[in-house]
């Protein structure tokens, strides 16, 4: 069941990235590939590190000595108090279930464990932000102060919010902004109204006339139409 859930989420992620964000995503991927081909500069304390991970891109703050602080969801603290198990590398299964349960911590891992086998981008976020970064040591100290349990929301308090708060002084997430833009475009698309109406009619035909079927059949298409 866990493997099936992971498989479905990853496939939805692929559709999300390649279909909904096709143009902007491809442009950003091309820039990232060019940067990865270039020689990587030595990491400095306070650098923002970026790696692809499951649903979205994952971010962390380099602390020096091969250590990275990052906000990451994890279901294991809910299931056990065994510190040795909890401190092990967080798999995609643990990460996804942690997202669903909204359980996360700011933790320190080795650079290798943070990367999880992926290539690392360094300070790529600097090009997207209008605010200049804070001094390197200040960035790292802000990250270190937040180590431990941390409120988590996939859209409103995620790993990108964590690193932008530490490095720029304001928590923002480009991935959340992109998601909201896509959501708005879907809501504004009149085909969404038609599809929701058809699904509502099918549910009424299949389940019969009842408040639980009739009201959504009327209210959802109406709300989408008004929002569009």
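Cβ atoms are placed via backbone N, Cα and C, with glycine included.
Curation plays no part in TrEMBL annotations; they are all automatic predictions.
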Q) Ranges 159-192, 193-226: which does TrEMBL label transmembrane segment? A) 193-226
Q) Which residue counts does DSSP yield for the domain 'LRAT' (48-175) in the helix, strand and coil classes, in that order? A) 49 helix, 35 strand, 44 coil
Q: Looking only at the domain 'LRAT' (48-175), report the model's average pLDDT.
A: 92
